[in-house]
Each structure stands twice: as C-alpha cells, then as structure tokens.
Amino acid sequence: MDRVEKHDLKIDAGLHRFLVDEAMPGTGIDPEHFFAALSALVHDLAPKNRALLARRDELQAKLDAWYREHGAPVDLDAYQAFLKEIGYLLPEGPDFSVSTANVDAEIATIAGPQLVVPVMNARYALNAANARWGSLYDALYGTDAIPDADGGTRGRSYNPARGAKVIAWARDFLDASVPLAAGRWSDVGGLAIDGTALSLTLTNGTKTTLRNPAQFAGYSGSAEAPSQIVLRQNNLHVVIVLDATTPIGQADPAGISDIILESAITTIMDCEDSVAAVDAEDKVVVYRNWLGLMKGDLAEEVAKGGRTFTRKLNADRVFTRPNGETLTLPGRALMLVRNVGHLMTNPAILDRDGREVPEGLMDAMVTALIALHDIGANGRRANSRAGSMYVVKPKMHGPEEVAFACEIFSHVEAALGLPENTIKMGIMDEERRTTVNLKECIRAARDRVVFINTGFLDRTGDEIHTSMEAGPMIRKGDMKQAAWIGAYENWNVDIGLECGLSGRAQIGKGMWAMPDLMAAMLEQKIAHPKAGANTAWVPSPTAATLHATHYHRVDVAEVQAGLGSRPRARLADILSVPVAARPNWTEEEIQRELDNNAQGILGYVVRWVDEGVGCSKVPDINNVGLMEDRATLRISAQHMANWLHHGIVSKVQIVETMKRMAEIVDRQNAGDPSYVPMAGRLEQSIAFQAALDLVLKGREQPNGYTEPVLHRRRLELKAKQRAS
C-alpha cells in the first residue's frame, strides 16, 4: 500500500488524493493545516480512546467474576450496590434541560419517519435523501398494505379493482387527517381556490371547505384549476395531485391522480453498521458519496424497465401560499451522518508509531470537513438551513464515552474554523451502561444532543454479552417480552422528556426489520408515536410513506406533554437479567433456535465477507425477508455463544448446524450470479469460517461486537483476491 507521510501520519495515497483533490477544494481548508490538525487529533486523543476501551474490558471482567459467583441477580439491591461500587452505575446529578441551539425543524419540531441507509451505496443514499416525499398510492398499491383478496391482486398490469381499494384507503386517510366541513373526501368532485380558502365541490353539487381552514397550506397552477393542493397536519404536508390527463385522474371524479405524503423527514447516512468498509479503498467510497450529498452533485446511472436514467438529488418544491406568497418546502430529507463508534481502528491511516488510527477520529474529521460544503463560510445551506452538522454516535458505553465524543467534536470544530457546538450529536442508547446512566450521558452532551434512540437490536446483544456468565439466556424470540426491554424503551422516553428534549430534539425508536410486511407495520408501528417517540426507523422509502400516516393520526407533542407526569420506568426492571429460570427446552426447540440463529448469521456474513455488502435483506428460516446488519448479527452470535458456554448446545452441534444451514443459504442465493457457494468448500470459505468465529469465539469478542472478526476476514479475502 502506497502511503503519503504528513505530520507524523502515514496516509494511504488514495485517501490522501481524495482529500486533497476532491474533498478540500471549496472548503477554504489548506491541506497542510488539515493534516497537522488531524495528526494533533490522533496523537492527543487516541491514547484516551484506548483507555476507554480498556475500561470496558475491566468492567466486563468484574461483571463476569460476579456472575460466576452469584449467577443471575436475585437480590437486586446487592446487585445495584456492586454496580455502583465498580463504577458501572454512576450517581445521578440534579435535573437539567438540554441547551442545544441552531437545530433544524426536521429534528426539533417535526415528528416523522427516519431512514437509515448505507452511504457506501450511492443509489440507496440518493433514494433515501429523496424519500422526503412519497406517493401514497404507490406505497399502498405495491405492498401488502392492501390485501389481494376480492379481486385486489397485484399483477404485471394495472388492476382497477386494486386501484379502487387504494383510492378508498387514501380517501379514508384524508377524512381522518384533513377532514371536510361537510361530506367526505370520497364525494369530492372538484377543487379550486376561492380567495385564500380551499373550496371543494361534492359530486352532489354541494360546496364545502376544510373543517380547519388553516390546514390549507398552498397550491400550484391557477386558482380556478390548481394542479396541486398542499394540506398540513401535525407539521407534515400532503400534496394532492390533480391531473385528469392520467388514467387514474381521468377515472377520478375530482381528477385526483395521486396523493403525495411528506415521508422521511430525516435520513441517517450510515458509515457504520450497514456498511462493510475495512480499508482506505472502502472508506474513500463512503466519504466520496457523503461529499456528493453535501455538494449536491451525487448522481447514479440507474437501469429500470429497459431504460437508463440519471438519479440525482431532488430540488425543493415550490408552491403558492393562500395569501399569494411563495411556499418552499424541502425536497430532501435532512441528512445526518452516523460515524463509527470508539472501538475500531482502520489501516487507512497510521500514527507516528505505526499503529492504525481510531476510525472514529478519522470519521469525525473527514465527514466534518466534507460538511463544510453545506455549512462552511461558503456552504450551500441546502441540507441544514440552521448551519449545523448532525453526527449520530453509536455504541458508546456511559457518560465518559459521550464526553469523549464531545471532546473529539470540539477538536474538529477548532481545526475547521467552526463555532463551538456546530457539530450536533445523536446518542444511540444501545449499550446497557448508557441506558442505566442515560441522564448523565445526555448531560455530558447537553449543548450538542439532538437525538436519543433506542437501538433494541444492539442493546439486546449487549444485554447477552454483559451477563454472559449469569446463565443461559431465554430464547431470542422471547426477548421482546422480557421485563428489561419494555422498561428500557419507556426509560429512554422518560429520561429524554426529563432532560427537556421535547420540541428540541428527537426521541427515537428502532427499526421495522421486515420490509415486505407493510400491513403488519401499519398495524403495529403506530405504537412508536403513541409511546412518545417523534421519530422511528423504517427500512425503505415506501415504508417511510406508510409510517408517515401514523404521525398524522398521533400528535406526538401532545403525547409527550401527557407522558411528562408519569413515573419514570423502574431501573430494577432494566437491570433484570433475561436468564431462563427453567432452561428445560425440548431438543426440537433447541435445534430450531440454533437453525434460526445460524441461518441468519450465515445469510448476512457470506455477503459481508465475500461481497462487501453491509446491509442485506436476508430470508430467515421461514423465508421471510429480514433486514440484517451488524446489530442483528451481534444478537444471533452472542445468543449461540451463550448457549454453548452454558452447555445447552455443544460445539459439535453448532458446527453441524452451521454446515446444514450453509446449504440452505446457498440455495437462497442461487439466483445471485456473483454468489460463491459455501457448501463443499467450508474449510476454504472465509465467510463460513468467519461465521464460526463469531459463535465459537463469541465470548472473547469485545462487548460481543462482530466488527473485529468481520473486518479481519474481509481483509483476508481482499488480500487473497489481490494475490490471485
């Protein structure tokens, strides 16, 4: 690997070229200044980074010893006393409110869906950024949100019977969201602008208007024959498209051809769990796509339906307000960027002692440099109109680590000439030590925090690893009913509201991981806004459009105001360990659990290691497509490692299960021309060996993380490919 030496750093030549030739021009940042500042950041803060990781290991060793002696805690007072004694559970300070300034409305006041997308994939990133608006008709027609029964089947050509069901669903939605003063939306035969009001004519000739006239926000076209009508509910916009020249509009009494919903309000461009970036070559792909998003020039050639077109970022949408002034609505989701956590290093840059630099330090400096194209002195202000950069910081353990992230951001701001606290922080509440000390974690970032989010997948992985020695864990499918998880979800909202996040920041909930099951999502995911979350994760732009309907039905600000008076969730419940009281499962139940875990692990790992794909829709054992990333992998691997450690299963049984499941995963991937089967070459398959490592060496992995094994094995495969 060719390297360029700058200020005691040895930088991969390709990364250096990208930074100097592509990222820096237009920012006002001099290359020598940048590399000197990066070197200072690395050499000042890397030792502290390593010390924090050593502290994680020290606490885990003490927990392991305690559990080996006591088993799962029965006397919770004694358990809490122990956690306080070792510095795991910290004293809680006085009440306070966060004071984060210059926060965009998309985060502070608009409640709605949030997408998370691998920024390594330009097409996915563009789709996610453009998912601010989505067709409700398309989202309903193309998914199981509308049942196939009674002639409503999806086919290759348009099915009018299904279309009628879609239109009926959408009209019912309008009745609930923007009701009329008289009549129903299904009876509307015409729309026009009368002065500053929306006038609707029903099919029986009756004139009506909106029950709440203030919900009329704007229009395009002429007042007599508008082409679009903009309505508003709970800070979210609905665009009714009027076009009688289209087949749908022609058949509609009012000429309505579509209903467009404001959908993904925010999108996290992910450099972490959904990507496979193990070296400088990969990191340049990550950073180049982020650069394209910040400069607004990211584009991708897309082939669809026999034609090729260029996908790029959508422009803002411009309408006329009822009073005749211009209404401009953002055309794109507000973009946050998720940097990696504190754990991993990356060979892209070496320090003065030849050590790989902490990847989180590199991400902070480079993603912020690139953000100057949006928020710098000459920035476009096309993403953040408030002039802020939003960084989601994952996998932090406790307030010391949050404070360290703030210190990193302060260094970066000083280096890049940004005012203090320009870089805002999203705190992923996905590690047990952060959960139990959440108030102090928020306090450590009180001037930066814009987001707390329950990541129940990683949080479950940490729950298993933290209490690995306590006994065999309950089955994975039972985990959602365990006492700790409900308390954890409520605690996050309770603490967030106590710390004044309402109206200032996002309180988020986790991912709907079944992108094909939209009817179930429509039924179940409304629980998130009802629980006081003003955002929640969805797996696709289509899911964002459907989930947006929940925020029309639920006024989250009102819910949060009501929750402020409830008692806080119980810490004792959060600290309860999900060990099986009577691990008397049948052999069939044990094998089914193993099959399910092994199949999920292999289905994800084979694409990660062999193809560098960090986020996949992996068919489960029942062929239901599940969105898998490193968080779901962490749970499955740790669960198998736990059962192995406690003798529920044997090593022989695990290896035999993995071999059988490899054949199933091979069959599930038979249609992928780039797929390399594992069966028949298990010893040679680096992906299969990685999957075995994750389970058989699961107890040894730091906090149960999968990154060390995945990175090592992916680098091994890339080296093998280069050698051949």
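Quick reminder: no glycine exception, Cβ is built from N, Cα and C everywhere.
So that you can see what the record holds, here are the features copied from Swiss-Prot:
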{"type": "ACT_SITE", "residues": "ARG338", "note": "active site, proton acceptor"}
{"type": "ACT_SITE", "residues": "ASP629", "note": "active site, proton donor"}
{"type": "BINDING", "residues": "VAL116, ARG123, TYR124, SER274, ARG311, PRO539", "note": "acetyl-CoA binding site"}
{"type": "BINDING", "residues": "ARG338, GLU430, GLY455, PHE456, LEU457, ASP458", "note": "glyoxylate binding site"}
{"type": "BINDING", "residues": "GLU430, ASP458", "note": "Mg(2+) binding site"}
{"type": "MOD_RES", "residues": "CYS615", "note": "cysteine sulfenic acid (-SOH)"}
Distant-in-sequence Cβ neighbours of VAL116 (acetyl-CoA binding site), under 8 Å, six or more positions away:
THR267, ILE268, ASP270, SER274, ARG338, MET511, TRP537
For the residue listed as 'active site, proton acceptor', what is the secondary structure state per DSSP, taken as helix, strand or coil?
strand
For the C-alpha pair, I'd like the distance in angstrom between ARG311 (acetyl-CoA binding site) and the residue listed as 'cysteine sulfenic acid (-SOH)', rounded off.
21
Largest inter-residue Cα distance among ARG338, GLU430, GLY455, PHE456, LEU457, ASP458 [record-listed glyoxylate binders, Å]:
17
Using a 10 Å radius around each Cβ and all protein chains in view, which of these recorded positions has the most neighbours: LEU457, CYS615?
CYS615
Nearest to GLU430 (glyoxylate binding site) by Cα distance: which of the recorded positions ARG123, TYR124, PRO539, CYS615, ASP629 is it?
ASP629
Rounded to a whole number, how many Å is the Cα of ASP458 (glyoxylate binding site) away from the Cα of the residue listed as 'active site, proton donor'?
10
What is the Cβ neighbour count of ARG338 (active site, proton acceptor) at a 10 Å cut-off, with all protein chains included?
25
Rounded distance in angstrom between the Cα atoms of TYR124 (acetyl-CoA binding site) and CYS615 (cysteine sulfenic acid (-SOH)):
11
Give me the long-range Cβ neighbours of ASP629 (active site, proton donor): same chain, 6+ apart, Cβ under 8 Å, in sequence order.
ASP273, SER274, TYR604, GLY614, CYS615
Quick one: pull the CA-CA distance for PHE456 (glyoxylate binding site) versus ARG123 (acetyl-CoA binding site), whole Å only.
27
Residue pair PRO539 (acetyl-CoA binding site), LEU457 (glyoxylate binding site) - Cα distance, angstrom, rounded:
14
Whole-number Å value for how far ARG123 (acetyl-CoA binding site) lies from LEU457 (glyoxylate binding site) (Cα to Cα):
26
Using a 10 Å radius around its CB, how many other CB atoms surround ARG311 (acetyl-CoA binding site)?
16
Measure from the CA atom of ARG123 (acetyl-CoA binding site) to the CA atom of GLY455 (glyoxylate binding site) and give the result in Å, rounded to a whole number.
25
Which residues, sitting 6 or more apart from ARG123 (acetyl-CoA binding site) on the same chain, put a CB under 8 Å from its CB?
GLU300, VAL302, ARG311
Cβ packing number for SER274 (acetyl-CoA binding site), 10 Å threshold:
25
